[in-house]
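In what follows, a single structure is set out as structure tokens and then discussed.
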């Protein structure tokens, strides 16, 4: 017989979500956060740009993106070149003119829309040592790290920052549905077309990039001033953590209870529950705050389930401290944020049998077309030409 657990509601308020914005809590812990810059408020046009389809970046080098001529984007002026191929000069002139027209059509000028903001970002990056990690009020674009060299969200120029923001599902979700899990919105702030009408002053946070050891990052769940659980943040097995567990657990508990909770209670009394990510570098005598997030289900509960956290006894003398060990490493052996690296067509097909069949048919057609094109190609004097 299957045991069913009651779905536990999270009584989350708008104010609690807003108080987890970086600019609300970071200034309270000047000695426990890495150097950062906040650019705020962000103009509405920039928010629309981040949420818009397509990616247009203000390249610092050329301010343009040019698509090369190929079979997928043929330009009409290239037609009938064979009819005048004997006139080399005319062909070259036609090629030059058509290429110029083509480039003018495809040049994408994005920097002109937000020149001041781009300048602020560039200046902030320089002041922070030339390497930064971007984020908005709540989420950082970790799910888009696969677009960056080394799979690391380390930005050295404006283009890097914008690429990550526009490619991140986490960032887009924060912009479109920041209060989706709020239990009760104010009466005059009901949702319209699925989006919240509450005005949010969005901010761009640039944090100085540090090469952190992921094994020493931990997530702490706090409710009503009590720690419900502590979880390893990176879901890989590290042998050395087991012997450090008592020391790490004690240090994290003391820091969160004595410093984080007390400071937030004094400055942000309405923030009664939250999730704090901490970094505990060797020699373990100082702890840094990476982020403070709203206490909601879209935040990863890692080695806990949300039902465990919501039904935990806050007055218990024992705080669960969970690590990936040799026996449970397989349970979490998946690529993190892999769902953000798959085309929407594939995700939709996985949930719809008919869509899956249609996707398979389209893929088969594409494969057949490519095979036919390869069969029609011949090699003449070392050059591939069409038959």
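Going from the start of the chain as shown, residues are counted 1 onward.
Just so you know, glycine gets a Cβ as well, placed from its N, Cα and C.
According to Swiss-Prot, the protein carries these features:
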{"type": "BINDING", "residues": "135, 138, 140, 142, 207, 209, 217, 219, 233, 277, 291, 293", "note": "ATP binding site"}
{"type": "BINDING", "residues": "291, 293", "note": "Mg(2+) binding site"}
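Structure with Swiss-Prot features highlighted.
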| residue | record | CB count, 10 Å |
| --- | --- | --- |
| 135 | ATP binding site | 25 |
| 140 | ATP binding site | 22 |
| 207 | ATP binding site | 21 |
| 217 | ATP binding site | 17 |
| 233 | ATP binding site | 19 |
| 291 | ATP binding site | 22 |
| 293 | Mg(2+) binding site | 18 |
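Annotated pair residue 135 (ATP binding site) and residue 293 (Mg(2+) binding site), C-alpha to C-alpha distance, rounded: 12 Å. Nearest Cα neighbour of residue 293 (Mg(2+) binding site) among the listed binding-site residues (140, 207, 217, 233): 140. Looking at the residues that bind ATP per the record, 135, 138, 140, 142, 207, 209, 217, 219, 233, 277, 291, 293, the two CA atoms farthest apart are separated by 20 Å.
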